[in-house]
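K.L.:
Straight from Swiss-Prot, here's the annotation block:
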type     : residues                                                           : note
BINDING  : ARG17, GLU18, LEU19, LYS20, LYS117, ARG518, CYS519, TRP564, GLU608 : 5-methyltetrahydropteroyltri-L-glutamate binding site
BINDING  : ILE434, GLY435, SER436, GLU487, ASP602                             : L-methionine binding site
BINDING  : ILE434, GLY435, SER436, GLU487, ASP602                             : L-homocysteine binding site
BINDING  : HIS644, CYS646, GLU668, CYS729                                     : Zn(2+) binding site
ACT_SITE : HIS697                                                             : active site, proton donor
Amino acid sequence: MAILNHTLGFPRVGLRRELKKAQESYWAGNSTQEELLAVGRELRARHWQQQQQAGVDLVPVGDFAWYDHVLTTSLLLGNVPARHQNADGTIDLDTLFRLGRGRAPTGEPAAAAEMTKWFNTNYHYMVPEFHKGQQFKLGWSQLLDEVDEALALGHKIKPVLLGPVTYLWLGKVKGEPFDRLSLLNDILPVYQQVLAELAKRGVEWVQIDEPALVLELPQAWLNAFKPAYDALQGQVKLLLTTYFDSVGHNLDTLRELPVQGLHVDLVGGHDDIAVLNKALPKEWLLSLGVINGRNVWRADLSNWFERLQPLVGSRPLWIGTSCSLLHSPIDLSVETRLDEEVKSWFAFALQKCGELALLSAALNAPGAAKQAELDAYSAPIRARRQSSRVHNAQVGQRLAAITAQDSERQRPYAERAQAQRERFNLPAWPTTTIGSFPQTTEIRGLRLDFKQGRLDGNNYRTSISEHIKQAIVEQERLGLDVLVHGEAERNDMVEYFGENLDGFVFTQNGWVQSYGSRCVKPPVIIGDISRPEAITVEWAKYAQSLTDKPVKGMLTGPVTILCWSFPREDVTREVIAKQIALALRDEVEDLEKAGIGIIQIDEPALREGLPLRQSDWAAYLNWAVDAFKLNAAVAKDDTQIHTHMCYCEFNDIMDSIAALDADVITIETSRSDMDLLEAFKEFEYPNEIGPGVYDIHSPNVPSVEWIEALLRKAAQNIPAERLWVNPDCGLKTRGWPETRQSLANMVLAAQRLREQQA
């Protein structure tokens with residue numbers, strides 16, 4: 001029996017981000033819906049054709065989404081919140097966009113659905129909303145329409161459907177509390193209807209995604225899989241698909257299910273292939289995810305051939321990507337600025353399709369010629385292990401020399417706080433911002449001109465200096481207590497540091513979707529990380545020279561730089577994080593020498609880096625916290641270390657937040673009405689806190705009374721002497737008019753509280 005290969009999904013946005021541009025044009029009213037639909041059809045046809053030409057046996061259909069595939073599933077099931085429903089009950093493309101964005105060219109604006117991370121990736125999905133007694137019906141035919149499209153084009157296809165249990169797991173209850181799992185029997189008839197429609201079209205296999213099976217699920221949720229799949233069996237063959245981690249701990253549940261195949265992720269997970277092969281019913285197809293869908297590295301096909309060949313003939317086998325290629329850039333061939341050595345180490349989505357074809361061909365017809373092909377393909381991986389671009393002996397030596405004391409400040413917080421009060425003499429309720437100020441068209445144009453050689457270094461620095469000066473003048477005029485330089489020189493909080501550290505490379509077109517039309521271009525960590533020279537000191541020192549008030553030095557923390565980059569695969573994430581920490585430790589020391597007394601080390605991704613299974617959290621948090629402390633602990637007692645985190649769940653990691661031992665932590669709290677601070681109160685968090693007093697994601701200007709009320713509420717949880725006053729996050733995406741007005745109101749609210757306290 002032949003071993004087929006398949007992908008679990010393909011990037012949607014297009015090589016030149018065509019989907020993003022078409023979406024934003026439509027939203028702005030500059031193009032019609034038919035023009036947008038035409039772009040979608042063209043992209044789908046191109047991507048199916050590209051996969052087929054690369055040698056993929058079964059192309060996925062249903063992986064395309066206008067905004068997000070979980071949102072697409074909500075519409076498929078007719079799950080549209082009342083605030084977004086059309087008067088006639090129909091669902092259209094603008095319904096989808098209102099759910100995703102809060103507004104669309106037609107229909108009334110209303111609050112968008114909540115957005116959160118898709119498992120442990122940097123992709124975001126729109127959270128389904130569930131109400132007690134909710135009804136479901138087949139409401140959106142996108143999947144069936146796209147199957148018809150692909151079949152008409154002559155492709156061998158495998159429709160992709162998010163499974164019912166994972167769909168419910170990913171959602172949230174709204175209104176009267178109830179168990180959302182109780183809705184399972186209500187959504188199953190819609191799934192049955194969809195599968196029946198696919199069977200009518202001659203579909204043999206359906207990829208039904210249940211990634212929740214890699215989690216440590218409550219028993220009630222595990223018990224739900226058997227009745228769910230009992231209801232879905234019999235119409236088409238079901239490939240139960242898991243990814244991002246192992247499934248071995250849920251094997252007892254899995255092997256009782258009436259499905260015809262199982263896909264496992266052998267890259268993100270560490271399941272023993274032999275154990276799986278023995279444990280699963282012999283008639284089942286076993287699909288092995290061997291090509292990493294989440295990274296950019298060339299696969300070691302020789303190694304995979306050795307691992308997989310013993311299974312050939314033992315059962316029906318497929319090979320595939322570990323997960324959807326959604327998380328990978330599209331095509332390496334258009335990267336013209338990467339040097340050939342580094343380029344030979346990479347594979348993007350199209351190249352990964354070629355890897356599948358090469359490996360499946362070798363497994364189907366092994367022999368000396370095929371082995372030579374695999375060895376030749378894998379040769380750059382072996383060469384990379386010896387490359388001077390990868391290994392820096394000094395970094396290794398420095399890492400090996402780390403002691404426990406290197407991660408500890410000289411004195412405990414209480415003693416440091418006294419030294420810092422004496423140094424800075426700040427008022428009660430000190431005011432500050434998180435770091436960035438509005439990135440105007442002029443600022444972005446300056447950076448682009450400099451990057452493309454249209455502006456020389458001297459003129460660039462002069463222009464950036466003027467913008468920094470403007471930011472300082474604005475802050476002094478507003479009456480802020482601790483200032484920032486505004487980050488005019490930075491395009492992105494991770495990319496800026498990656499560009500100035502050895503061990504990183506950057507792509508021209510390595511875009512991946514983050515959510516909706518937003519795409520990011522992560523740096524790639526290719527080798528040992530070091531800092532050849534100071535990165536931020538020049539600008540921080542200049543900004544400090546313009547004012548008598550303290551100016552914060554601004555760094556992105558090691559865990560965030562790691563999480564928002566494509567990491568190496570030949571060393572652990574812990575090693576990478578600590579290499580970054582050592583490089584930035586030198587930056588802290590240099591900032592101190594330049595007279596900067598307050599240094600902020602942002603770690604918004606600390607929680608995002610958590611493993612999927614809670615039993616694995618402790619090991620991660622130990623090294624993640626240690627990396628932050630290694631970065632910060634070189635600071636003197638009277639240097640105040642700030643950190644910023646912008647997520648909304650602290651309760652289960654409060655021990656680790658406290659263990660960071662930052663002198664001040666600023667957090668995102670305005671949208672939760674300060675409720676997040678209860679976790680800090682219950683934990684008796686000992687250090688200083690700046691709860692965000694207004695939401696920077698909205699152009700709305702908060703009133704003085706609103707901010708004052710939030711701060712009073714904050715003071716019920718945290719002693720006033722340990723409270724700071726600041727926005728939720730950086731102001732990069734805002735305009736100057738609302739920024740000035742919002743900050744003026746914030747400063748006035750703090751002044752009122754000081755007067756009342758006096």
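In case you wondered, yes, glycine gets a Cβ from its N, Cα and C as well.
Neighbours and distances for these, please.
P.N.:
Contacts of CYS519 (5-methyltetrahydropteroyltri-L-glutamate binding site) defined by a Cβ separation under 8 A and a same-chain sequence distance of 6+ are given as VAL13, ARG17, LYS20, TRP511, VAL512, GLN513, in order along the sequence.
Around GLU487 (L-methionine binding site), the same-chain residues six or more apart in sequence whose CB sits under 8 Å from its CB are GLY435, SER436, PHE437, MET554, GLY730, LYS732, listed in sequence order.
Residues near ILE434 (L-methionine binding site) in space but far in sequence (CB under 8 A, at least 6 apart, same chain), listed by position: VAL484, GLN600, HIS644, THR666, ASN726, PRO727, ASP728, CYS729, GLY730, LEU731.
DSSP assigns GLU668 (Zn(2+) binding site) to coil in the three-state reduction, placing it in neither a helix nor a strand.
Taking Cβ-Cβ distances under 8 Å and a sequence gap of 6 or more within the same chain, the neighbours of HIS697 (active site, proton donor) are ASP728, CYS729, THR733.
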K.L.:
Between CYS646 (Zn(2+) binding site) and ASP602 (L-methionine binding site), what C-alpha distance do you get in Å?
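P.N.:
Each residue's Cα considered, CYS646 (Zn(2+) binding site) and ASP602 (L-methionine binding site) end up 9 Å apart.
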K.L.:
Hey, how far is LYS117 (5-methyltetrahydropteroyltri-L-glutamate binding site) from ASP602 (L-methionine binding site), Cα to Cα, in Å?
P.N.:
19
K.L.:
If you measure from the Cα of GLU668 (Zn(2+) binding site), which of the binding-site residues LEU19, ASP602, GLU608 is the nearest?
P.N.:
ASP602
K.L.:
Taking the residues ILE434, GLY435, SER436, GLU487, ASP602, which the record names as binding L-methionine, find the longest CA to CA distance and state it in Å to the nearest whole number.
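P.N.:
Value for the max Cα separation, rounded to a whole number: 14 Å.
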K.L.:
List nothing but the one residue from LEU19, CYS646, CYS729 whose Cβ has the fewest other Cβ atoms within 10 Å; the candidates are the binding-site residues.
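P.N.:
Checked LEU19, CYS646, CYS729; of these binding-site residues, fewest Cβ neighbours within 10 Å: CYS646.
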K.L.:
Please determine which of the binding-site residues listed here (ASP602, GLU608, GLU668) has the lowest count of neighbouring CB atoms within 10 Å.
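P.N.:
Minimum Cβ neighbour count within 10 Å, taken over the binding-site residues ASP602, GLU608, GLU668, occurs at GLU608.
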